[in-house]
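Positions annotated as domain 'Resolvase/invertase-type recombinase catalytic' by TrEMBL: 1-130. Residues or ranges marked as region 'Disordered' by TrEMBL: 1-32. The active site, O-(5'-phospho-DNA)-serine intermediate annotation in TrEMBL covers Ser4. Per TrEMBL, compositional bias 'Basic and acidic residues' is recorded for 23-32.
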Amino acid sequence: MRVSSADQNTERQLDGVEIDNEFTDKASGKDTNRPKLKEALEFLRDGDTLVVHSMDRIARNTEDLLRLVRELNAKHIKVEFVKERLEFTGQNDDPMEQLMMTMLGAFAQFERALIRERQREGIELAKAKGVYKGRKPALTAEQVGRLKARVEAGETKSAVAKAFGISRETLHQYMRTN
């Protein structure tokens, strides 16, 4: 299961589905680099079935969707999509089902592109009106000063980033700013 944000609910995705183990990501499906998806993929074994509410819950682009299903089927793991009423075993799969998966995956990818386009347009409009402020900084000016001092004192960037609860990339961005 996946919801796009932490305040969304997974209840509707579980309706009528019997499960042994549940893996729920509360993050965007724009890529397959999600903690619970990785955990689920590592957990699954030969003969298991991965039940997914709908195709757009596991991947938002056709390439990732097809790759994931293909990789799971190669390990003899069945993939079942509840909403689309499709399942893939990798054994004698119906060409029509393959076509449906490809098309529905393409629609999810198209929908994601539309969402990004609308978001970009909204941001541009807000900037033109002077109301767009962007994302709030992860750290205060005082914290940035302490961060820089620790790095300049020789502490590893990884340790400093972890201590401040930010990624190393974010740390590097702060180090480049005045």
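Just so you know, glycine gets a Cβ as well, placed from its N, Cα and C.
Summarised by DSSP class, the composition of the domain 'Resolvase/invertase-type recombinase catalytic' (1-130) is 65 helix, 15 strand, 50 coil. Averaged over the domain 'Resolvase/invertase-type recombinase catalytic' (1-130), the predicted model reaches a pLDDT of 83.
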